[in-house]
């Protein structure tokens, strides 16, 4: 009896373009001896196979089970068709039409081990070639103009393939089979070097040969190099050269904010930091992010890299150009190279994107430039993550985003049902936009603080690029309550210009919706929103809130808060935390001056002026901010009277907290009462206890430890009271304070002890970089 011959058509949607999916299908079909075709379509990837029914069935199982590691199949539909007589072979067809609503654009992927091995092999034609890539790695999002993802729709289209690359591209047995950014020294992008003050020679043959050596010598000589990376420019210096490191801080006007450190491999990272297997896996992952790692005792890590932190942001070479530079340095150094990598921009501006822009804008910061002619379409900074272990140390550590960008954008957060396209305009600080399409929400890359026309222009670039790639236009826009946010002004102006409805959602309600949507929780729940600031519905500054939210029923309300206290000088208090400490001291009845930094002058006069403001209630808005409470305690303990970057005071307070005491410290019971119809945690009493402990000469490390523990326990008590009143048992955790490692460990434990289930961010930052998802999800619900 002859075997049954069938023909089946599969449509795969999701992240299936730019991840080696078509070559994988081709090889799979050949192995199962099937005929047919595979090609990109407006829906994703269309696969037609014909052959024995048992082989087609096995093919369908393997299609999901053995998919490439970078692929993410959202749906796989199948439909039987009549077999075609005399069909021969299996082919990859040209892409059909424009992308539709089921195509996901792949993020950029860090260099893989195989391409790294090619670069290190003198016999390989890509030896030391700084643009090597294959189907498993290389640029994607930053070079894609439109979808479907093919070479013709990327910036690599201007580099015609040489015969050798064309042969690899067409060879099913080669890992570069249909690798769209494929390149080699003969036909690919060119590298060249520019030194400040010297004539530019461009990509001449001599400059191309010596560009890497000149860049390396710049670093070895103590210079600062502007380096064109995957998503824009970075400023680089030799981390072993303290003079160079200090000069970079001077030129960037960045006296204290931590720098990230790039090392050549995990072996070097292990000499600097105490790495767990989870740290190592994240460092070596395809995303190649910056990972916050604890410093090793006795390690040779320069203190100047991150003077305020116990840890350091480590990363491995993420592109072949980074790897080539490290290989050159390692061959000429007695010790493994370490490089500081920081964004190629002036403070408050977007990172530089193009060559001319970088040479012009970075002229006062860089001594030289390492350039190439592969165009980058979108500025994308490095992603930053940490690992948050459980308090007991048991259980797997969960990644926590501080900054979500390269390697992760534009991977979506999936939603439970279809709905209209809504634009979430994001916040003012650490801004990121969100667009919904079908059952997916796409949060764009980290933009930064919207504080000038340049960052606003970048903000608009990201929104426009996402809309172009996704081929969508928003039907509504959701923005913050604050009328002066540039994101709010953009939303209102665009809505008026395009005739779109615009909705205003309070800052912490957006945080709440974001963490609940990430966890697919659309029923009633509570969220602890603890951060620096957000304009409240009552006109005060919120930031230590318990929010009741029911996304499905489109309702939310504030049910709890920290006890309010004044912010003398408003925004000035965020830069000068001593003002907040003074306000809280007044609330506590504490007398005398604040402790001052040694050698600081004029603080008595400044404090007298702020005391007068408090007495007369001049420019002293009330706040319930958890972040500002951290600032006040840090100032009271003389850890940080003034800040040079956002979060500095809290970082220092976290950094001095004694880990041993933290495990065993007795928490100060904090009363939770009802005031003005809201549960209110008495944070004033906690600050009063800090003042008393300092007066009694209790060690700062001990005070910092029990402050964290007491605040976390008090917040959990307030949430438990609210949960009982609201009849819920789930509590989300959101806001920038959840990036504090101590709070991120303690709060889930204390909530669990009270019979509550905690929900944390896992795909987006808990800070303002993630709240645009909440805005967009809420807006969709309001339209439905």
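Even glycines carry a Cβ here, placed using N, Cα and C.
Going by TrEMBL, these are the annotated features:
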type     : residues : note
ACT_SITE : 22       : active site
ACT_SITE : 40       : active site
DOMAIN   : 7-94     : domain 'Acylphosphatase-like'
DOMAIN   : 209-407  : domain 'YrdC-like'
Whole-number mean of pLDDT values that fall within the domain 'Acylphosphatase-like' (7-94):
92
Cα distance (Å, whole number) from residue 40 (active site) to residue 22 (active site):
8
Which three-state DSSP class does residue 22 (active site) fall into?
helix
How many of the residues that make up the domain 'Acylphosphatase-like' (7-94) does DSSP mark as helix, as strand and as coil?
24 helix, 36 strand, 28 coil
